[in-house]
Each structure stands twice: as C-alpha cells, then as structure tokens.
C-alpha cells in the first residue's frame, strides 16, 4: 500500500441493471452533445506558452508524452510512495461505481464522493450536508453541472480539502449543492477530468482548477496526473482500489504503461479521449475499427456504438435479457467465449472471457438471477462515426491500471495482476 492512504466510509450502491444502462447511455448522450472545446490538450498548450512547467519541480517539454503510443514507464519500484509512484489514496468498490472519502473544512467533515474522470467539478451536499468551518468561504457564485444521468446546482465555496494526510489543498473550489438529482447513494463527486469541463459551470468564472491541478500547483505532486488501480469486484463495498496522485504505483502493474495522446476527434477530445480498435477472438473478428471514445470511471459498463455492439452480440451469441436489459449467455457459450482485444497505441489489451461478464456473486446487485451469466458490454445508443464510439467504463478499468495525465495531455494503460483474474 502506498503512503498517504485513508480509511473510507462506504455504502453499497444497489442499482437495477436497467437503471445502470439508462444512466450510462444518458451520460454518453451528454458527451455527444460536447460543448467544451479542446480538453486536456488545451491545458498543456496553455501551460507550455506560459512556462508553467519550469515553475513546478523543473517540469518542461522534456517530460512530454512519448510519440505515438510507445510504451513508457513512470517512476521506480513499488512500495511506499515516492514522487514517481505518486501518493496513494484508498478507494471503495461500491458495486457499480468507485468512491473515496474526502475531508472538507477544518476540522474536516468526511464525505463519500464518486470518483469521476468524466467531470471536473468537486462538490458535496447530495447526501450529507455541507458543514461550514473557519476555512469555508462563499464566493456567492452559482454552480450548475449536468451529467446527463444527474445534476446539481448550488453555490461555490473555497475550502480546505483533505484527500490524504499529505494531500491537503487550501482554498479548493467546491460546489455546495442546494439541489441534486441522481446522487442518492453518495455525498457528491470528486471530479478528476480535464479542467476545461468546468468551463461554464461556475458563474463569473472561466475554468476552475481541479483537485489534481491544485495539488500540482502547490508542489505536493510532481505532475498533474492521477493513476488509478482497480480490482475486479467480488463483493460490494470492498476497499480494493487506489488513486495515485502525481505518478504511477509500480507495485500495481505488470507491464510498462502504454501512453497515447488525447484523441483529436471531437467530442471525445474534450474528455479523456483515446483512439482504439476492438477485435474478438483469435480470428480477430472486427468489432470496431480504429475510432475515438473515452476512458471513464463514472460509466459502469463497457459501451460500444450500436453497430459494434451488434457485431459483439453476434460474435458471442448473447441474447438480450428482458429483466436486466443486459446480454446473457449460457454456460456452454461462456465456455466458448473468447477474449476481446483493444488495440490502443499499437498495444493489445486483452479483456478475457471472465472479464466480460458481470461478477456472478453480485448478480443480485443489478436485479439479476443467481447463477445466470450477464455480459458487461452494452449498446451506447448511437451508430459509430459520431466522435464517441465507445466508453471504456468501470468494468473495463477493473482489469487495467489507468493514468490520466493532464501535464502531457495523454492517457496511459498497463496490465495488472488482475488482468487475467477469474473472479467473475
């Protein structure tokens, strides 16, 4: 375990599969509506122009992304956190999402926040109400954020935010919700998406620095990046993941990190967007030609554009289950299920047969039947060619280590000890 971890409050998030699918699709439609230009690429260009890299621990263009998708590593060996490993913070698997406990104020009140790479505002008050302390200061600016699958509105405050004992941000902008919809099981969100996604969310404000940006600006982390380690679910409300602010925890990975630049295709380019192709099985049956989509912790399932989903449905023999809305397969079909291969930056990332099914021990959490086998791939709800042809969500990310690097406008992926796990 890396240094700086915190114990977590956690809650079981039990949602029917149909609700999950509807939420994921609504989120996808919000991305497709794309109103925030450029994403993390803009951040990098702006900071290069203003020479910010040289002001923070000597970072400059020598630390820029490797060309293409060449594998690259960050940092030294595992164990206690170093500047290369980042500072580790425990996260809880709440069944269909991941949460972490974040302190706000002084003395701090702990809030259970959804970890979201697809949004960038941090806010509280959906469940537990905001507790004002001596460090709480209202800007009187209104905050409004829509997620497609939910929304909140309220007032902007600045306050002390404690992510871990050695990750304390002074004067972090946070939203304090007066109304919130779609967040019954958490207190709010810790937004770790590209900073441009905050544009237009706070009155009288251009953009709002994210918690990652502010940790970097304060000198607490070596670069504005975050590594995420998840594990396949075996029961709801397990502490089985980690956020690594500022680096890569080498003890969590079993390969080099393959970094790829943010895609140039809109609207995926406005988020943590990448280009990838998807094939099925050893015969390399094409599911999705090389195209743009996003990597997103806030989406539960693996979503594919409608034509790609239909190709997957045909390849697997899956049948739509009327109760859950997910594809279901028989035991015999599961025995014959082959891997999905995601080609990202010239590297193949294998999503094994076991990784393609919902954890059977957790069928009840989605309204499923005991013993039935459900696939975690679902229909995005729009045809390919729209600039958002996939979302690699929670189900995908449980099998890989992911890196969201604002400093170099890139996304990284690596294999983990759980890539080939058979826990499902």
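Glycine residues also receive a Cβ, built from the backbone N, Cα and C atoms like all the rest.
What TrEMBL records for 49-59 is compositional bias 'Basic residues'.
Annotation comment: TrEMBL describes 49-86 as region 'Disordered'.
The annotation compositional bias 'Low complexity' is assigned in TrEMBL to 63-73.
Residues or ranges marked as domain 'Peptidase A1' by TrEMBL: 98-414.
Of all the Cβ atoms in the protein chains shown, 24 others lie within 10 Å of the Cβ of residue 116 (active site). Residues or ranges marked as active site in TrEMBL: 116 (among others).
Taken from TrEMBL, the feature active site covers 296 (among others).
Taking only the Cα positions, the spacing between residue 116 (active site) and residue 296 (active site) is 7 angstrom. Its Cβ placed at the centre, residue 296 (active site) has 27 other Cβ atoms within 10 Å. Mean pLDDT for the domain 'Peptidase A1' (98-414) in the predicted structure: 93.
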